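Student: Here it is, the structure, as structure tokens.
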């Protein structure tokens, strides 16, 4: 800043900033962009004083001691709330100086700095005491280090101060100071010549040892609650991880100059650097955290040998593996935030949130000292105990520093997948190298294991009974000769689709052991359940066409119904498979994956069908109630008020009971199963036994089916009577007429005592029989009528009064 000119004024509001030539010349072209800049320039409010001359600065890279060639430089173009927008421009173009931090961050930083100056903490007081005694010539607040020894000495002093003040602990301002110290020290290797001879192997190893010790103290479990108070100044514990990554990656060429294996172990951090020459063969690349190294080999990460061989085939000669384990690291996870990993649950669980459920483990692969990204496999132990009534679903994730960079990054799951879930740990595979962890999605169990088992048994029994009911209904519709109509055709298609779906549901458990069979069963279940709901929609549309006059012929209407009933499900399932075949099926059972958007390929159409059918049912109830009122007034105006309540109740109840099974409205309970286990029992009872309900309403108590059965019985009875009542002879006796009785109908045996009308013809013919055993006024009449080309005798007996 300017020397002696407005130096007391803050650089915000109407403050003035003066940059001298020495400040411009001191710019470091190789210095990476970090989060430590103090404020943001608003270019709309920025103006240059008339006396200020525009000077083009030639930026140098101290690590190379040469002028940088003109090239494209990454610059900050604008802010698109809340993210900055970066771009590339020619490095020779003049650009204004812009810092990335907000005014709030600057004010928080200034407040902490003022507090530290006026009232130093116990740690800072002790640190300065040791500092002034051991290193009086280093200066107070170095903005950079000129040597590895200087950085190592300051880190060593910090380690001593941390040990001496362990009882008092660190204050938030101390943590900020140490994080800034680590960030500056991490850039030491890039600021010094690679061939410097004044840095011995011992100095570099001391630097790395002290660096890890300070970082271990900062991310200690004792400081877990203090990160919240400094979140506006630093982005969190992952800033420490980022500094460690930068330090080790830059130091590794000189750190491993005299050895091929280095391990630094602290209570919360374990760092291992391993180097090998690819021409000498491939050794194991597995790395494990300290707590389980000799036990179950959990918290481990490894690079597949095939990937290492691919590096050799690509021309790399030296391989360096940098592995780090963080035992107490707690990067932020918003408990109620499910935007990163969609959390869709069924009725048995209710999503509560996401927590960090493991250690953080990382690996960096260097091929000839250059970072190379490749696939890794890791397994991490679940570090969160299951409280009673909760369950966890692990998700493999990594910390992405480029995701929301203004916040220092966030968790990402791209390129990572769960390989296997075991009791207490999870195995993952990711197609890149970075910092990995397990995120555990927490669910509240809505049902006990006993209830789950009971619901499964109830579902299986209900589906079996329902399947039998649907089969009997379909057989009755075919066998008894129910008159053909669009209504019965729709019923038959609904019965077929629902019956196949329930049969597949009963067999789905047996297919779960075979991946290909389970996938096929899932697709067929999706298809036939969608067909069932499509035909339920057709039932509603058909009912609407009966209630509201629709001028569409029956043939055209049935073609449309077939397109809706079978064409729409095929389209939905086909599109879903084409778009999301890799996340179509659930991991542990044969059904759609409820943890991805795939489930909406079923839930969405179902909700639409139920909504339409609910509107149809309401309309039917309104028409039925209106008709009941008119009928009550016409039949008995005086007593209409007394019977009105009962009539209206029955007028509402009757269509609801009849239409519920075919309109599928019982599935509305499925939207509420997460509220109570009682609702789950009601839902399964209503829907698992839906086929039985259809059998009772549309077969047993259906007037068309009962009339068809009655006609069959009468036809068989009449045919039997015709076969048994044919006369063999007529004896001329008037006293004792010889009659032939098959069951109850009499057959005349004397032509003298009977009056016949001749042979049967196309017109009905009556036969009247008199008998002396009857009174004179008694008679029995037979009527002969043609039926379907065959003569059938229809008996009508009249018994006069007085007999």
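Glycine is treated like the rest: Cβ placed from N, Cα and C.
If you look up TrEMBL, you'll see 260-446 marked as domain 'GAIN-B'. As annotated by TrEMBL, domain 'G-protein coupled receptors family 2 profile 2' applies to 455-702. Under the heading transmembrane segment, TrEMBL lists 457-482, 494-511, 523-548, 560-579, 599-627, 648-673, 679-701. The region 'Disordered' annotation in TrEMBL covers 728-767.
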Student: Would you call the transmembrane segment (494-511) and the transmembrane segment (679-701) in contact, using three or more Cβ pairs under 8 Å, pairs 6 or more apart in sequence?
Tutor: yes
Student: For the transmembrane segment (648-673), which partner among 457-482, 599-627, 679-701 gives the most CB pairs under 8 Å?
Tutor: 599-627
Student: Mind checking which residues reach the transmembrane segment (560-579)? Cβ under 8 Å, same chain, six or more beyond either end.
Tutor: 486, 490, 493, 497, 523, 526-528, 530-531, 534-535, 537-538, 541-542, 552, 598, 601, 605
Student: Between the transmembrane segment (523-548) and the transmembrane segment (457-482), are there three or more C-beta pairs closer than 8 Å, counting only pairs 6 or more apart along the chain?
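Tutor: Contact between the transmembrane segment (457-482) and the transmembrane segment (523-548): absent, because fewer than 3 Cβ pairs are under 8 Å.
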Student: Counting only residues 6+ away from its ends, which parts of the chain sit with a Cβ under 8 Å from the transmembrane segment (599-627)?
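Tutor: Beyond its ends, the transmembrane segment (599-627) has Cβ neighbours at 344, 526, 529-530, 533-534, 536-537, 539-541, 543-544, 547-548, 568, 572-573, 575-576, 592-593, 648, 651-652, 654-656, 659, 663-665, 667-668, 671.
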